[in-house]
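First the structure, in the form of structure tokens, and then the observations on it.
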């Protein structure tokens with residue numbers, strides 16, 4: 001399996017690789033994320049919200065022979081763990097991607113004290129603390145210049161309660177008013193469904209994210225199809241199933257996201 005750099009990574013720490021046929025991703029991770037994915041099967045309520053996984057990636061020389069030097073160096077640097085995931089952008093011509101981190105508390109219970117202090121400071125100074133969510137990256141299509149506009153994690157940290165809706169609007173920067181309204185409505189409906197499923201799941205999701213995706217190339221003035229509108233739960237390294245505990249820390253962020261998307265829709 002030949003690999004290349006994944007060009008649509010909106011946020012995250014490790015460089016993701018993608019197969020030459022664009023069907024699967026190789027995502028660097030830690031052991032706890034590999035272990036958590038092993039517990040995700042079609043018997044769980046959140047199954048459809050989690051990208052399909054195909055097990056742990058065990059690299060061989062065949063995986064990286066012949067790819068460009070940058071991707072080769074990345075692949076060789078994966079001395080730890082990596083997991084094989086479906087590429088939810090597969091067959092999208094112009095995917096637009098937004099990564100949003102959920103929760104006011106951003107650290108797992110086993111995090112050392114210094115990490116807790118650092119992440120608590122991040123939460124207090126951003127919308128993570130006030131709203132329970134924070135935009136960590138956006139890749140949106142700029143039709144005027146025929147290129148992508150990127151919004152970074154650092155940019156997301158500058159947003160406040162008063163302008164975060166405007167920040168969300170950047171995800172739809174090249175859409176017409178009607179396209180944007182229908183996309184926002186589609187994502188709003190998905191968020192409401194996700195909220196219901198999450199509220200019925202005994203799970204703890206610390207520092208997880210929601211990935212929003214749509215294909216700009218599929219839009220047209222009469223757009224009404226949701227097949228290229230995707231919402232997925234990602235970054236599950238610090239997730240665990242619980243016996244009888246609902247994750248209110250994450251739900252706060254989801255509820256506020258629903259409110260903000262409703263405001264986006266109302267503004268149209």
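Positions of Cβ are set from backbone N, Cα and C atoms, glycine also.
Annotated features, as they stand in Swiss-Prot:
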BINDING   27, 86, 87, 88, 99, 235  ATP binding site
BINDING   127, 128, 129, 130, 131, 132, 133, 134, 135  substrate binding site
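Counting only residues at least six positions away in the same chain, the Cβ atoms of 133, 134, 135, 159, 160, 161, 164 sit under 8 Å from the Cβ of residue 127 (substrate binding site).
Binding-site extent for ATP: residues 27, 86, 87, 88, 99, 235, maximum pairwise Cα distance 17 Å (rounded to the nearest whole number). Note: the Cα of residue 86 (ATP binding site) and the Cα of residue 129 (substrate binding site) are spaced 32 Å from each other.
DSSP gives residue 133 (substrate binding site) a strand state. DSSP gives residue 127 (substrate binding site) a helix state. Cβ neighbours of residue 87 (ATP binding site) (same chain, under 8 Å, six or more residues apart in sequence): 6, 18, 19, 22, 23, 24, 25.
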